[in-house]
């Protein structure tokens, strides 16, 4: 405490501060420049230091020379949180009941005409997006289906299940035409590359496997995670694969080399859901402690979402308007403003009649291609469609 | 030739290596032994460190660290030099990292996290990486715009190229072309003329040799075994960018305490489980039974309604009673009125008749009234007397009847008297029998609980679920078999079938109780008697008592146990029994 931070080198200084952080609590120390730095513990899990500058800007200017020279790391903009944008609240529009088990995965057709859901009853059902009627039931998996994707370029659908199988369905014949063999345990997530014909699957063998769709050859086994890989998404630009795992890390992968580009260790609990923004180069990752946003080429930490969901988040999705929907294991469905990180609606699903209250749980959610409808797959064996309230205005639903 | 001419052309080498004497400054700097005479001229000792000055460096070679004198290497000296031990290959295997600094001269503390990783790897290790990007002052303008189509296309092309080689390799590995044994090159022919060897003449005969590649089994398993290469040392883990987890409080621990499941059916280890744990395990206490409030409201309402109804009924009954009373009163009044009226009418009529004799009547009436008052009093006293008289008469009569009955009873026989007593106690059913009302129970058996009879097989023998039957089903079979069949040991006597049959027939197995065909052993010698048992006077001394007494009297001494005779007799008797 009596050490003068000026005399410290920068790197050593962050050690010093971080050690202060690790000792926890709210440490406060003052420097001779009249500058107060306070470290606050935000919520229950993540320590974010917020420096409160003196209000007088002249004082800051006086100190800036010393300050920028010595500890540029601590220089922060006081509060540049963007104003939250108004989004109309979402309402349940339709409940589709047809599966005989938990509905665990969903994917939308690129033409926005239909969507498919995979369930714990080992079937994939294809539904008409407009009417909500069932069009088809596909059987073939031996266990629950945990990952689904529809190819935008070919008439193919991909499914991955707890039975270690990854299948490619031809939607013209409604048959399995390829099977990607290699996972040593259940497959938990699946993603298609947007520009190249490759397929990424992550599973309980803590490996993300990259498959060539056409030849069924495994190109890479992206290993490095210490636990189940439970979320994956692919991008057109580097890093082209991002995986989240139960070992509470996120890894960005260099697809050309099959090597890790970076490991993000900001989360404290397993990262079960990730959502990549359709326009911006950033993504959000959800774990039981927080939802965090990361910038993408480098994986720099953008910010936390401002409230705590306080449940296991199974799935997340974001649409072009910047509405991030996060579905919790207790049936809570929170809607967030992407930019500001505020939650503007905290909904709770209602279980279908005949279910237990404990069967409220959202396992997967997906926006349709236009982003105007949200579809949730739930533990009460139903699929629910949510729509925005058209009559809502900022006057009727003011931002608090 | 050329080398010779070259060596001639060159000057003589200054150092040949053999007879070279090291320069003084390169000689060992240990203690020098100096003679006494040499002390004078070497008093001044110059302690020098660092390199010798210029001009004196011929033949000097920097070896140790102080030869460099805080400076760098000497490029004019053509030997391997390690100033400050830099670049020296040390045998020590310390994996400590050298301190690295960045362009501004700051120590790079994340060098340890970067070790083993390529330069392209992004490692977030600084405190500023924990600060949200929009609060970071040095972040500048954060552009999260999507890349252009060209960039995407370029990336796609590069990635596709990189992957296609990989895919090609993977596919080639899937279908191996060179399966051994499949391709057999054509045999080669060699003409061979052997030389003369060891003085032996081959004769110069030329032979043609066909060389064929040895055939290989295409299915032969590989001779080597695939061995896993042990993994190299792992690259350092990424810096942890979150705070340590919270300490588990006692409350949290309590929250996570889950009682062990206790089955009501299985207890393989045979633990003794307290009753409260067993009760707790079935989760009965976990859900508290909450009775709906409306039950209480309902019963309350019922009770109040009941009370209300009772009250009403009571009120109504009271009202009705009052009404009835009123009506009765009215009727009485009416009757009284009628009676009055009738009396008045009668009196009126009588008045008309007795108008003439009113005076006498009035007198008589006065007298009669007085007498009636009198008679009324006397009548009351008479009434009580008469009642007493009646009572007495009745009592007298009863007593007389009792006496008569007693007299009659005393004259009656016992049977009659019993009957009489029975009748008095309402136990006489003879009349009922006569009327056919009382019937005896039809079957005597049904009166009894059959379980009471055969108690050994009844309930008190104990209910055993393991053995539903108390005795084997064919228990009697053995006995039956042994009764009617000749046994094995009877057969193996070597007797004929007839003899056996005779024996079976002859042997009486079933004796009639008390009439044994055979008496006790030794008794069959006795002659048959008719009449009572006759005893004989004892003449000799069967037990040898006299003998013994005489022995004692004579004083013949006996030592030890002389019981050979008795023992022998005992044994004989035992043998007798067994025979």
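Count begins at 1; order follows the chain as displayed.
Backbone N, Cα and C atoms are what each Cβ position is placed from, and that goes for glycine too.
TrEMBL labels come from automatic prediction, so no person has curated them.
Within its own chain, the compositional bias 'Basic and acidic residues' (B:210-222) is flanked in space by residues 179-182, 184-185, 187-190, which lie at least six positions past its ends and keep a Cβ under 8 Å from the stretch. For B:210-222 (among others), the entry in TrEMBL reads compositional bias 'Basic and acidic residues'.
Same-chain residues lying 6+ beyond the ends of the compositional bias 'Pro residues' (B:231-242) with a Cβ under 8 Å from its Cβ atoms: 110, 112-113, 115-117, 123-125, 129-130. The compositional bias 'Pro residues' annotation in TrEMBL covers B:231-242.
Summarising the annotation, TrEMBL assigns compositional bias 'Basic and acidic residues' to B:306-315 (among others). Helix first, then strand, then coil: DSSP counts for the compositional bias 'Basic and acidic residues' (B:306-315) stand at 10 helix, 0 strand, 0 coil.
Annotation source TrEMBL lists compositional bias 'Basic and acidic residues' at B:323-347 (among others).
Among the features that TrEMBL reports, compositional bias 'Low complexity' is placed at B:348-359.
Annotation source TrEMBL lists compositional bias 'Basic residues' at B:360-370.
Summarising the annotation, TrEMBL assigns compositional bias 'Basic and acidic residues' to B:371-431 (among others).
The compositional bias 'Acidic residues' feature in TrEMBL is assigned to B:490-499.
Per TrEMBL, compositional bias 'Basic and acidic residues' is recorded for B:520-542 (among others).
Look at TrEMBL and you will find B:564-579 (among others) tagged as compositional bias 'Basic and acidic residues'.
Look at TrEMBL and you will find B:188-346 tagged as domain 'SKI-interacting protein SKIP SNW'.
According to TrEMBL, the region 'Disordered' annotation covers B:1-74 (among others).
Marked as region 'Disordered' by TrEMBL: B:177-253 (among others).
Sequence annotations record features per position, and here TrEMBL assigns region 'Disordered' to B:306-444 (among others).
According to TrEMBL, the feature region 'Disordered' maps to B:485-508 (among others).
If you look up TrEMBL, you'll see B:520-579 (among others) marked as region 'Disordered'.
Mean pLDDT of the predicted structure over the domain 'SKI-interacting protein SKIP SNW' (B:188-346): 87.
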